[in-house]
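Take a look at the structure set out below.
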Amino acid sequence: MKYSGYHLVIDLFGCNFDQLENTEYIIEMLKKLARALDTKIVAKAFHKFHPQGFSGALIISESHITIHTWPEDAYIGIDIFTCSKCFDSRKIVAYLKENLIFKKVEIKEILRGKID
C-alpha cells in the first residue's frame, strides 16, 4: 500500500515557560531539527504573540514543519508532514529531549493520502 505523505503530530506537556518565551532559541531549534531530518528549508514564517506564545512554520521541499507554543499552559504542538519519507519518531523525540525541557510527550503517526 502506498501513501502520499507521513504526518507526525507531537504534543509536549510540562514545558519550561522561560524556554518557550525565548523565540530566538525556538527558531534555531526548529531549523536544526529540519537539518537533522535532512530536509531543505525553502521558506519560513514566525509570529510572536503578546503577551506570550509563538507560532512558526518551515516550508521544506518535502512539505512542512510547524510549531505552536502556549507558555501559559506549558504546552508545545509540533507537526512534521512530509511527502517523501517516514521519520524515526524515536530519533525526533530524542532530539527534542536534548533541546527542550518537558515532562510528557504524546505522538501520533498518520499515513496520509492512501493511493490504491
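The backbone N, Cα and C atoms fix where each Cβ goes, glycine too.
Over in Swiss-Prot, the protein carries these features:
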- Ser63: active site, schiff-base intermediate with substrate (ACT_SITE)
- Ser63: pyruvic acid (Ser) (MOD_RES)
- His68: active site, proton acceptor (ACT_SITE)
- Cys83: active site, proton donor (ACT_SITE)
Inter-residue Cα distance where the pair is Cys83 (active site, proton donor) and Ser63 (active site, schiff-base intermediate with substrate), in Å: 6
Of Ser63, His68 (the active-site residues), the residue whose Cβ has the fewest other Cβ atoms within 10 Å: His68
Coarse DSSP state, helix versus strand versus coil, of Cys83 (active site, proton donor): coil
Cβ packing number for Cys83 (active site, proton donor), 10 Å threshold: 14
Helix, strand or coil at His68 (active site, proton acceptor) [DSSP, three-state]: strand
C-alpha spacing of His68 (active site, proton acceptor) relative to Cys83 (active site, proton donor), in angstrom: 22
Secondary structure at Ser63 (active site, schiff-base intermediate with substrate), reduced by DSSP to three states: strand
